[in-house]
């Protein structure tokens with residue numbers, strides 16, 4: 001039995017040390033390789049962690065604005081998200097300003113595809129991210145910088161289908177055929193910069209931080225649907241959810 005315990009401890013030790021060891025090996029180079037193993041099963045090194053987190057955190061904050069200001073859920077998530085956003089914003093890749101200058105004309109010409117968000121820590125700075133609708137369009141298999149539009153099937157049609165087809169042909173091309181242009185990706189963070197974000201947020205690897213941010217963004221939608229700021233249908237008894245105060249059930253320390 002002792003042998004089994006020793007084996008389990010050894011396995012636990014190797015599992016616990018695998019992630020930092022894998023990331024440390026990757027940090028031998030200045031930049032992490034996108035798609036490389038992270039040490040977490042099924043989780044690969046993210047190609048653009050900073051811009052992804054900027055998008056997710058700002059999306060979460062926008063969604064939270066739908067909640068009443070007195071909502072405890074809004075207040076707590078908003079505070080945590082703003083804190084983490086400020087950490088990500090403070091770590092800037094080399095050549096960020098030059099990159100923003102190069103892509104600014106494309107961003108301004110396609111407001112439906114991009115967002116220029118004022119920095120939470122410095123109003124004179126902006127973060128450039130894709131809009132949610134543009135990101136969804138880019139996830140389609142046939143996305144190749146082509147206009148997004150419905151493909152009409154060929155062949156004979158019934159009257160209702162012909163009517164629908166006629167409406168489609170008369171649709172506003174500016175709205176239906178909006179281009180989703182590609183822009184040069186934001187300059188990458190160095191291994192050291194990624195380590196800085198990970199150590200300050202203290203929620204695992206940056207890939208894990210992204211997974212948590214994605215889940216939080218999705219959770220906000222569900223919490224809004226549930227109207228979590230409203231009173232419960234059945235009010236709890238007075239003191240039912242009160243935390244036990246210190247020394248309530250134990251003798252107090254003797255006075256000196």
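Easy rule for this one: first residue shown is 1, then count along the chain.
Every residue gets a Cβ built from N, Cα and C, even glycine.
Where the annotation comes from TrEMBL, it is an automatic prediction and has not been curated.
From the options 107-139, 140-172, the stretch TrEMBL describes as region 'Disordered' is 140-172. According to TrEMBL, the feature region 'Disordered' maps to residues 233-256, out of the candidate ranges 209-232, 233-256.
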